[in-house]
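J.: According to TrEMBL, the protein has these features:
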type	residues	note
TRANSMEM	131-151	transmembrane segment
TRANSMEM	188-208	transmembrane segment
TRANSMEM	220-237	transmembrane segment
TRANSMEM	243-266	transmembrane segment
TRANSMEM	286-305	transmembrane segment
DOMAIN	311-383	domain 'DUF1736'
TRANSMEM	372-391	transmembrane segment
TRANSMEM	403-424	transmembrane segment
TRANSMEM	430-449	transmembrane segment
TRANSMEM	458-476	transmembrane segment
REPEAT	499-532	repeat 'TPR'
REPEAT	533-566	repeat 'TPR'
REPEAT	601-634	repeat 'TPR'
REPEAT	703-736	repeat 'TPR'
Amino acid sequence: QTCNQHNAEAPILERAFFRMAQTEPNLDHDVSWFLLPPNWAKMLVGLISLLCFVNSYDGDFVFDDSEAIINNKDLRAETPLGDLWHHDFWGSKLSSNTSHKSYRPLTVLTFRINYLFAGGFHPVGFHVINIILHCAISMLMVDVFSILLGGLQFSNKGRRLNLAPKTSLLAALLFAVHPVHTECVAGIVGRADLLCALFFLLSFLGYCKAFREHKEGHHFSLFWVLVSVLLGAVAMLCKEQGITILGLNAVFDALVINKLNVLEFVQKLLHKEKSLENSGLLRKGLLFRVTLLLSGGASILYIRWRIMGTGPPAFTEVDNPASFAESPLVRAINYNYYYSLNAWLLLCPWWLCFDWSMGCIPLIKSVSDWRIIALAALWFCLIGLICQALCSEDSHKRRILTLGLGFLIIPFLPASNLFFRVGFVVAERAIYLPSIGYCILFTYGFSLLSKKAKKKKILAAAVLGILLLNVMRSALRSSQWRSEEQLFRSALSVCPLNAKVHYNVGKNLADKGNQTAAIKYYREAVRLNPKYVHAMNNLGNILKERNELQEAEELLSLAVQIQPDFAAAWMNLGIVQNSLRRFEEAEQSYWTAIKHRKKYPDCYYNLGRLYADLNRHIDALNAWRNATVLKPEHSLAWNNMIILLDNTGNLAQAEAVGREALELIPNDHSLMFSLANVLGKSQKYKESEALFLKAIKANPNAASYHGNLAVLYHRWGNLDLAKKHYEVSLKLDPMAPGTKENYSLLRRKLEQLQKKGE
């Protein structure tokens, strides 16, 4: 649908629009830079953005990828697609008290498609999509910057003209190679920011399409305005920041389409001048379009709020310490300091870190703190830019500076703590969209310097040098995101006070079996943050495995004292108490863990082990059965049931449980082994032999498998095969319990048979 203004006004609007293109200064005029055809410019930007981040294509799942992808049940085929619309980004129910309320169903849907086509959790496909998305966004930026820097003008055939080909190419290159984007591109979780940015830009370009010139005069297309609102909604369903495009479209409409002088308009509004009627707001339909944008945005936010629930997300003090400060002044100072750090990352993206929480940035508690200078510098620059954007007599300057500040500030608002508490201090991913504003301001500054500079080529070479440095920094940072070890260690020099950095380095070392080094980093994490319960839990686990039970108990007891609903710490405390033979306390700890986490199969498994130690066999079997109901693939629980029933002489029941387990986990060699033992005792030798051989094929170096198969053959009378497997078992484990004695008995029997034969 097309909304036309009165025909009598059309010539006036045509002349105004033509004049904007003709009389405004051209940014490219004094800039010494490459001039390429639009398609070539886009290809160049795409190739250079690919060069920056292509080395992350074969990276692992790192950091938050584990929770958002590997542990997220919403990616699996068995989860109904409808659940995506009721779950948060991490797979938790939005109604849950522990949900972060990050509602990004379209992003999760793309992860699910990745998982489906890859046939499992293979990170290459996930990384490739991220790289392609960033390249596509960077190429779109050529069009976006040509509008923001050169204005919106169409040819007689309705094709949009690029009035700033040089500066739009430079700004797009700056965006494409900025190192701060590495987290979004190389970290798979950054898919949310990339998809959001893609639809954010498409919404903006769609809004621009509403203002084509036709023979009948300047008009706007209601269809494209509504499409823009719809694309803004899609952007928000990828990540929350997407909704801000509707506000930016309104700003663009006022400044570019209506050429509104904001200061003059405010002055007239304050003085209630009648000339407001002639300001073009009503004549050009701005109020109508802004009303559409606002009502669309309000409707989208209302629907999201209803789906999300009225409760705000629950964050802890370590996530965002400034937001928990009692003094409003301390909160305000620290929020502004965080803004200055974000600005610094845009200006000098050299010190990058995967996580800026947990003491990485200590709170400013006094005005005597030297870091106050950063706040002063930030606001000095912002106020200077705002004054120029409002008061400059150059309308072209006013427009570009206002658009630059708008794209810098408005997309950042959801991460600013102004409207609600966020779960981070500084997040590099949160400035993916605001970097558009930075690129506008940088490019405009370069054009102003070029205008005054005598040696323009030297200035252009300096900018080219900045681009090359950013390319190298992006490639280096991208390689650091390829593995958790590199990523976590790279953060030690940037945020040495960050307890989470030390915790993650320790966890990575522990996963690789280097417990001694892991203990060192866990201890440092606890020293930096004495309330870091996850570090205490992991350190307690390692100490438990090293039989340092006393210190392990102290750490785990402190962890549950600090966080009474920490189910994993309660379970681990129960394991330590069980090892210390304090059975009643251990049982109580296990039940406390289950109280805080109803579906906790590992805890039921450990509770079953406790009951087995106390000869409470029925309770043990019930606990293990609960574990297998909650987690049907819980091999250890199935095995313990089979072994307990076998040891207590319930062979028929043990056989039934073993067969049930193998139906659920058909390739588990330990279950084959346990069931084979039961069948052998029940004199079902042929079936027992088949299971033993299958288990050995799956795990040929298990001495006990060969030893027990030898016992089966011994009983069965296949003495030569028994001798062969006894010898294999002893070769694999010379100290195998019982095998030496059985082998000696077999040899004596064979000698006796040989003597009789003689």
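Each Cβ is built from the backbone N, Cα and C atoms, and glycine gets one as well.
Burial and contacts for the listed features, if you can.
T.: Using a Cβ-Cβ cut-off under 8 Å and counting only residues 6 or more beyond its ends in the same chain, the transmembrane segment (188-208) has close neighbours at 61, 63-65, 68-69, 89, 104, 106-107, 110-111, 123, 126-127, 129-130, 133-134, 136-137, 140-141, 143-144, 147, 152, 160, 224-225, 227-229, 231-232, 234-236, 238-239, 241-242, 244-246, 248-249, 252-253, 411, 429, 432-433.
Using a Cβ-Cβ cut-off under 8 Å and counting only residues 6 or more beyond its ends in the same chain, the transmembrane segment (220-237) has close neighbours at 1-3, 103-106, 195-200, 202-204, 206-207, 209-212, 243, 245-246, 249, 285, 289, 292-293, 296-297, 300, 304.
Long-range Cβ contacts of the transmembrane segment (403-424) within its own chain (Cβ-Cβ under 8 Å, at least 6 residues beyond either end) map to 100, 148, 200, 240-241, 243-245, 247-248, 251-252, 255-256, 312-313, 315, 319-320, 322-323, 331, 335, 338-339, 342, 355-357, 382, 385-386, 389, 430-431, 433-434, 436-438, 440-441, 444.
Within its own chain, the transmembrane segment (458-476) has Cβ neighbours under 8 Å at 31-33, 48, 51-53, 55, 170, 173-174, 177-179, 181-182, 349-350, 446, 449-450, counting only residues six or more beyond its boundaries.
Sequence-distant neighbours of the repeat 'TPR' (499-532) (same chain, 6+ residues past either end, Cβ-Cβ under 8 Å): 63, 318, 353, 355, 357-360, 484-485, 488-489, 491-492, 538-539, 542-543, 545-546, 555, 562.
Residue counts for the repeat 'TPR' (533-566) under DSSP, helix first, then strand, then coil, are 27 helix, 0 strand, 7 coil.
Looking at the repeat 'TPR' (601-634) alone, the prediction's average pLDDT is 95.
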J.: Take the C-beta pairs under 8 A between the transmembrane segment (372-391) and each of 131-151, 243-266, 430-449. Which stretch has the highest count?
T.: 243-266
J.: Tell me the residue counts in helix, strand and coil for the repeat 'TPR' (703-736), as DSSP assigns them.
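T.: Helix, strand, coil within the repeat 'TPR' (703-736): 28 helix, 0 strand, 6 coil.
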J.: So what's near the transmembrane segment (430-449) in sequence-distant terms, Cβ-Cβ under 8 Å and 6+ beyond its ends?
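T.: That would be 27-28, 30-31, 141, 144-145, 148-149, 167, 170-172, 174-175, 178, 180-181, 184, 190, 193-194, 196-197, 200, 241, 244, 342, 345-347, 385, 400-401, 403-409, 411-412, 415, 424, 459, 463.
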